[in-house]
Amino acid sequence: MARPRRAREPLLVALLPLAWLAQAGLARAAGSVRLAGGLTLGGLFPVHARGAAGRACGQLKKEQGVHRLEAMLYALDRVNADPELLPGVRLGARLLDTCSRDTYALEQALSFVQALIRGRGDGDEVGVRCPGGVPPLRPAPPERVVAVVGASASSVSIMVANVLRLFAIPQISYASTAPELSDSTRYDFFSRVVPPDSYQAQAMVDIVRALGWNYVSTLASEGNYGESGVEAFVQISREAGGVCIAQSIKIPREPKPGEFSKVIRRLMETPNARGIIIFANEDDIRRVLEAARQANLTGHFLWVGSDSWGAKTSPILSLEDVAVGAITILPKRASIDGFDQYFMTRSLENNRRNIWFAEFWEENFNCKLTSSGTQSDDSTRKCTGEERIGRDSTYEQEGKVQFVIDAVYAIAHALHSMHQALCPGHTGLCPAMEPTDGRMLLQYIRAVRFNGSAGTPVMFNENGDAPGRYDIFQYQATNGSASSGGYQAVGQWAETLRLDVEALQWSGDPHEVPSSLCSLPCGPGERKKMVKGVPCCWHCEACDGYRFQVDEFTCEACPGDMRPTPNHTGCRPTPVVRLSWSSPWAAPPLLLAVLGIVATTTVVATFVRYNNTPIVRASGRELSYVLLTGIFLIYAITFLMVAEPGAAVCAARRLFLGLGTTLSYSALLTKTNRIYRIFEQGKRSVTPPPFISPTSQLVITFSLTSLQVVGMIAWLGARPPHSVIDYEEQRTVDPEQARGVLKCDMSDLSLIGCLGYSLLLMVTCTVYAIKARGVPETFNEAKPIGFTMYTTCIIWLAFVPIFFGTAQSAEKIYIQTTTLTVSLSLSASVSLGMLYVPKTYVILFHPEQNVQKRKRSLKATSTVAAPPKGEDAEAHK
């Protein structure tokens, strides 16, 4: 908010002596261009560079200084020559040199407020008197400045704006872009025809994102322009997301020797951040490029320069190879043909109003006008005055000329609108505009809208900012030569980015956009593990084992019946396997089973054929057929174990797995028990023991077997059989080897449970075989049964560790099934081989031995009771 008039009075009085001092100094220096007019505009231009120590001003700046100053003179000439714009009113000017220094510019700007200060105070108010009390002589009153065009650098504009606002003098800058100047509470009289760096920063963020970069460093010259620009870039990138700042480096205002080499070393601390965002002045840009070349990093950094770089050749002169690929941004502008015609016709004769033009002439044509000229080298030729710009020297219109012209026209249009409102129908100034109210003029300035010198609309928002419109350039080599290259337009930005990515060229592969990423993209089947505090950086973690990639941040385990795809980007069904007929694991047990069935069938057929022969009768025909049936079932169970699991097959497995062994061992147990009881009874009495008849033996055998049958039937009823697919059995470390196993719903323990009862019978039978090992030779089956049981026990003792020891194997289904069926077939083969193969051999090949023997052993006669009559007596033979 502006200060009230009373509050400003003491400040105005305090500034009065400074204004006098400034006037005196300016008069001595003759440091301004003056044009007479009814309304005077001020102008601030960096005609000279910053001076060395002890000097305010340095070398002449031909383009940024003289071109821009002449652009204002050109614009004033056009406005004053336009009968439709401010008719009867001539605009004058007072143009000052800021020498590219904010403090010096502030001293210069005090001349703009002299008229206002003089209007507020006089010699009586400040007590200034000459000897004798005579008032001092005062110079002619200065012209009243109604508005100021300038300054160039943001730091200069900020310094000047703080003074001009005190006196309500509107200010329009043609080049100051610092976001700080958008603060209308502090710089309420400041406007600009160039967009603020906040727009430029947004455009640069959009460029970075369009190139696919997410990890960049920033480089700023110390001061309002550089620091504010980087701050805006960082803030916008943080709000937009997806772009992280690796390094944020500030170049000191007065850099020490080796400072720029240090900057390059710091940038290389994060080598993946190849994109470098630069908000720096021309000199700093040049020295950064030089340091990059000295470090042999040509082509490593990907420069994105602000409008201070723009499309200028001076920052990259002789450094083109380092600048190849640099993307720069510049407020949308056009070359003004009328200014080119105007400036190229300027000469020493027709441009005496510009007090710096003679110095420009010497600098531009490398000559000297007088012995006191600025060109002090004795070898420099003398200027003839006939030199011509563009003919005898190179000429290219400076980039901000358009904006200087637009700034002048903005003030002219505002004054014209104000004149129409306050002086309707009046030619020339009316009393209502003498003096011109700065606050009212500011309102008219903010309301202007017209097509500028380049044909683009000129307007201001509530903060005095122009809309953001930028051209985007890239420095590209020509035919492989960087030195002969140039800036090529590759896009535009006006609230949204339009970038022709295909038109971009880069060192290395010209058409492949280089990367500036903290971390490379993760491959298929990998998730991002973010680095804490740096959202653009991550580590890639493989979704290993049975996990698959859900999204870029998450891995999850596949469902139990599935396994991941080879690249772990999804899940697929796990293949289902079973022990098939063609499996190598099924061949040995099937071969044994077939041979066993053939052998068993042969024995049974032989026994049936020779049913009434002594050997068959002596074997106990009834129990032999029961035992052979059990052996046959044992062999047959192999086919059930290999068959595809289903409800019927699973039920048959449960029922017959233990039935064959139970039937066999029940018969063997009954036989050994009968022999043992006969032998023991004979020791005590001649009376035979009970239940030794064939019928009794069958009853005992079937009674023992019925327990197994009843148990199995009860199990079938309690838990109906069905097949399942077990995905855990072959869930290997390598998912590619994982398989689902189709099998019956029987655990390892339940499988052994089916055989548990028969194993108990086997152990009991073995115990009786041991007890009966001392029976007389007349009981010719005692010893074969004993050998059978011993061997069977050994087989099953070997079976148990193999069966349970492979429980964790990937080949479990094959090993356990094969082990079980082979063990069953071997135990059946032992029984068949020990008990019946010898008898069959005698029956078939030695029939002469298949006769009833009459002799008895004397020992047997004297120690054993008489055996029962009939075929049981044959067992004694």
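Residue positions begin at 1 at the first shown residue.
Placed from the backbone N, Cα and C atoms, the Cβ positions cover glycine too.
Feature annotations, reproduced from Swiss-Prot:
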type: SIGNAL; residues: 1-24; note: signal peptide
type: TOPO_DOM; residues: 25-585; note: topological domain 'Extracellular'
type: DISULFID; residues: CYS57-CYS99; note: disulfide bond
type: BINDING; residues: SER154, ALA175, SER176, THR177, TYR225, ASP307, LYS400; note: L-glutamate binding site
type: DISULFID; residues: CYS244-CYS536; note: disulfide bond
type: CARBOHYD; residues: ASN296; note: N-linked glycosylation site
type: DISULFID; residues: CYS367-CYS383; note: disulfide bond
type: DISULFID; residues: CYS423-CYS430; note: disulfide bond
type: CARBOHYD; residues: ASN451; note: N-linked glycosylation site
type: CARBOHYD; residues: ASN479; note: N-linked glycosylation site
type: DISULFID; residues: CYS518-CYS537; note: disulfide bond
type: DISULFID; residues: CYS522-CYS540; note: disulfide bond
type: DISULFID; residues: CYS543-CYS555; note: disulfide bond
type: DISULFID; residues: CYS558-CYS571; note: disulfide bond
type: CARBOHYD; residues: ASN567; note: N-linked glycosylation site
type: TRANSMEM; residues: 586-608; note: transmembrane segment
type: TOPO_DOM; residues: 609-622; note: topological domain 'Cytoplasmic'
type: TRANSMEM; residues: 623-643; note: transmembrane segment
type: TOPO_DOM; residues: 644-654; note: topological domain 'Extracellular'
type: TRANSMEM; residues: 655-673; note: transmembrane segment
type: TOPO_DOM; residues: 674-697; note: topological domain 'Cytoplasmic'
type: TRANSMEM; residues: 698-718; note: transmembrane segment
type: TOPO_DOM; residues: 719-748; note: topological domain 'Extracellular'
type: TRANSMEM; residues: 749-770; note: transmembrane segment
type: TOPO_DOM; residues: 771-783; note: topological domain 'Cytoplasmic'
type: TRANSMEM; residues: 784-806; note: transmembrane segment
type: TOPO_DOM; residues: 807-819; note: topological domain 'Extracellular'
type: TRANSMEM; residues: 820-845; note: transmembrane segment
type: TOPO_DOM; residues: 846-877; note: topological domain 'Cytoplasmic'
type: REGION; residues: 856-877; note: region 'Disordered'
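Here the features listed in Swiss-Prot are placed on the structure.
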residue: CYS57; record: disulfide bond; Cβ neighbours (10 Å): 20
residue: ALA175; record: L-glutamate binding site; Cβ neighbours (10 Å): 27
residue: THR177; record: L-glutamate binding site; Cβ neighbours (10 Å): 31
residue: CYS244; record: disulfide bond; Cβ neighbours (10 Å): 21
residue: ASP307; record: L-glutamate binding site; Cβ neighbours (10 Å): 26
residue: LYS400; record: L-glutamate binding site; Cβ neighbours (10 Å): 26
residue: CYS536; record: disulfide bond; Cβ neighbours (10 Å): 22
residue: CYS540; record: disulfide bond; Cβ neighbours (10 Å): 14
residue: ASN567; record: N-linked glycosylation site; Cβ neighbours (10 Å): 13
residue: CYS571; record: disulfide bond; Cβ neighbours (10 Å): 19
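Residues SER154, ALA175, SER176, THR177, TYR225, ASP307, LYS400 make up the record's L-glutamate site, and a Cβ search at 8 Å around their centroid adds SER152, ALA153, SER173, ALA178, VAL194, ASP197, SER308 from the same chain.
Each residue contributes its Cα atom, and for CYS537 (disulfide bond) and TYR225 (L-glutamate binding site) these two points are 30 Å apart. Looking only at the disulfide-bonded residues CYS99, CYS518, CYS537, the densest Cβ neighbourhood within 10 Å occurs at CYS99. Spatially, the transmembrane segment (655-673) is not adjacent to the transmembrane segment (586-608); fewer than three Cβ-Cβ distances between them are under 8 Å for residues at least 6 apart in sequence. For the topological domain 'Cytoplasmic' (609-622), the model's pLDDT averages out at 85.
Of all the recorded positions in the list CYS57, TYR225, CYS423, the shortest Cα-Cα distance to CYS536 (disulfide bond) is found for TYR225. Taking the Cα of ALA175 (L-glutamate binding site) as the reference point, the closest of the recorded positions CYS57, CYS99, CYS244, ASN296, CYS430 is CYS99. ASN479 (N-linked glycosylation site) has CYS518 as its nearest neighbour among the disulfide-bonded residues CYS518, CYS555, CYS571, going by CA to CA distance. If you look at the topological domain 'Extracellular' (719-748), the same-chain residues 6 or more away from its ends with a CB under 8 A from one of its CBs are 545-546, 560-561, 563-564, 566, 574-578, 644-647, 649-651, 653-654, 803-804, 807, 810, 812-813, 816. Counting only residues at least six positions away in the same chain, no Cβ atom sits under 8 Å from the Cβ of ASN296 (N-linked glycosylation site).
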